[in-house]
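Pulled from Swiss-Prot:
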type: DISULFID; residues: 4-21; note: disulfide bond
type: DISULFID; residues: 8-23; note: disulfide bond
type: DISULFID; residues: 13-28; note: disulfide bond
């Protein structure tokens, strides 16, 4: 797993593919 670079609601955003994410309304959205 890869930490995408943002923490949302104190939880690191984790994805299975490289990339970045944004935190909106305490939910991680992945590009």
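The backbone N, Cα and C atoms fix where each Cβ goes, and this holds for glycine too.
A map of Swiss-Prot features onto the structure.
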| residue | record | CB count, 10 Å |
| --- | --- | --- |
| 4 | disulfide bond | 21 |
| 8 | disulfide bond | 17 |
| 13 | disulfide bond | 20 |
| 21 | disulfide bond | 20 |
| 23 | disulfide bond | 14 |
| 28 | disulfide bond | 18 |
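The separation of residue 13 (disulfide bond) from residue 21 (disulfide bond), Cα to Cα, is 7 Å. You'll find the Cα of residue 13 (disulfide bond) roughly 9 Å from the Cα of residue 23 (disulfide bond). In this structure, the CA atom of residue 8 (disulfide bond) is 6 Å away from the CA atom of residue 28 (disulfide bond). Residue 28 (disulfide bond) is 10 Å away from residue 4 (disulfide bond) when you measure Cα to Cα.
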